[in-house]
Amino acid sequence: MRRREPGRDVKRAAEEEFIELERRTDTYEDAVLNEDPQMKGFRFPSILSFPVPNKTIETGVTDENPFSARKSAFFTNRLIGREESDSSSSREDSPLGSTETGESCSTTDDEESKEKRIEYRDSQTQRCLGFCFRQLFFSRMWVFILQFIASYYAGDRFRTDGFNLVDKLIEPGQSVFGDVVVRRGLMGLRRWDAQQFLFIAEHHYIFEHSLAFFAGFPETVNYVRVGVNNGMESVFGWTFPPWVTITLAAVFVNLFCFLLCGMTLYQVVLIMTRSVKISLLAVSIFAFNPASIFFSSAYSESMFFTMTLTGFVFMLFGLRGKGFWHRMLKGFTGTICFGLTFAVRSNGLLNFLYVAWIWCGTLLWDEEMPIPDCHKLISTLAATKNERYKQEWQAKFWRFQQKRKQNRKVFRWTDPNFSRCVTLFIVIVCAISATLLFFTPYVFMTNFTADEFCKPQDSHKQAVETIAKTVRLSPKTVSVKNAWEKTTWCKKPKLFGIIARYYGEIQTKYWSVKFFGYWKIKKIPCFLMMLPAAILTVLAIKSSWNDVFLNKRWNNIWVLTARSDHSLPMAIHSSVLLFVAIFYINSEVFTRIIFSSSPFIYIYIATYIDKLTQGTIAGNRLWQYFESPGILPFFVFRRVWQDGWRGKLLYIYILGYFVFGTMAHSAWLPFT
């Protein structure tokens, strides 16, 4: 039976169905590509408007196989016996074959090839984490060596009038192990603010100035110390003096947090950049960063950055998750992690920006309903004998199928499939819940420390008397014995009836923290010390701004909250930190704050190095990372050094601060 040629009405109906379905696949990114190129850049009227179309492409957390040599020359296998070329043929002729490159020779995705790809991906991921671990571990060994050399030869030659009560209370001869390891080997890790944290961990908050240092880190160190002491007493019947176990506990906690932090940084950067190379470079830069000494000293930077990155991992996976309850679980877990940062450092308050930003993307965007297939067009193409018509529409149909398979999200507020009342209710409930989860650790911490100081136990008063017998205290010292007589904030009512108000008053009283309070002639060297970090931050902010508004042209705040492949919220966060560092707080602390607050600087530097090391240049092959022993920083490439003054200054800054900053801090010189 001969097939009848479809009539014009049938073809028109099929074409109308196709056009309607194709329109439903349009996304905001497609509309941006069709805009006038002259319209690029930041435009305030459109930044807050609802996106049109109200869909965005869901790129997924990572590729199914991020180690495929067909996607990037970076994954080309090492060629033995002949010179490597950067052509596609060299990548496809890799001796590893399809199994090792994760690509199946067959077009069918059978279970066996899928299992091989998963196995290969997991093995490569483990090797990447192994590279990260080597870089992180050996960088700590260098820090320990440098701090020992500096503290041993400098001794107390450069000791200032800063707080050093922990060292004064040490009684030499109590422990040979303590004298050798702690007083000699690790003395460089007990300088400057480390004295404050170690004192709090041992004696709690018995002096007023100690309340400027949040309890998250010293309380953790104290718990570890108590556990070690109890364990040693139960097993051996004896233990080390408190000053020995507290120092060892602080070093152990920071070493553990630093290693975990580097591994988590790899995952966060991979989610944001979809680049294994940039992720590995970011970890290598982090391992030898200019503020590296503060991640090993008895400071709270390592713990703070670990919790921050953990919050990023959970919330970004929640943003990219499938299913409502899965997204809620990840989002609330990430919120708790970000909230804990506020109990560790005061700048954890700014992490609420990330919580609000990512929750907007999680709640206001949802998975798109499946788009049906073009059944009328399929039947029409099967029946038509017009080859020209068939070829034309088959090409359109193929492009439609490619777009139809994309994962997309829709903006719930303007999509007719979602109720605005339900969306508003969910947003309000989650906003209240997330706010409570974020601020609860801080409220608990402030009330705990304030009550410990203003309503002291007899043991704390006794500790002050014991210290006063050993060390002469200044008459201006405010302790738990005279808290009510010499302080005003102890008598003030709590903010909202639940938050103790003391932090700002103590910072102003002891460190002159106020607007323009640090702008003095004698503080110019401190501003010069922060200058390289400030310049890097400004360049990173500019790069992020241009990437979003000039290159990608995503001039819509709602679309930006739905996507994780940009760093605009980190740029805003870093802008606030830079402003506060210049006009408000002690400027010299900006270096360690910016390098321990977000992955922003690491992503910027790693991206810069990535662009310079393309082709067959050293550093653009994954096997080179795997074969690196890790004892030296891997991100140092000749090509970057040859990039004029920028590359040279970058390396001089990072490695100079890593070496000389570590030694200066350990010798009591003003690198704080």
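Numbering starts at 1 and runs along the chain as it is shown here.
Including glycine, each Cβ sits where the backbone N, Cα and C put it.
The shown structure was predicted, so the numbers you read here are calculated from the model rather than taken from an experiment.
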From Swiss-Prot's topology annotation, check whether Gly227 and Thr25 share a side of the membrane. no
Do the transmembrane segment (240-260) and the transmembrane segment (521-541) come together with 3 or more C-beta pairs under 8 Å, pairs six or more apart in sequence? no
Can you find at least 3 Cβ pairs under 8 Å between the transmembrane segment (278-298) and the transmembrane segment (649-669), where each pair is 6 or more residues apart in sequence? yes
Do the transmembrane segment (135-155) and the transmembrane segment (593-613) share at least 3 Cβ pairs closer than 8 Å, excluding pairs fewer than 6 residues apart in sequence? no
Determine the mean pLDDT over the topological domain 'Extracellular' (320-345), rounding to the nearest whole number. 91
When secondary structure is assigned with DSSP, how many helix, strand and coil residues does the topological domain 'Cytoplasmic' (367-423) contain? 34 helix, 5 strand, 18 coil
Helix, strand and coil counts within the topological domain 'Cytoplasmic' (542-569) (DSSP): 18 helix, 0 strand, 10 coil
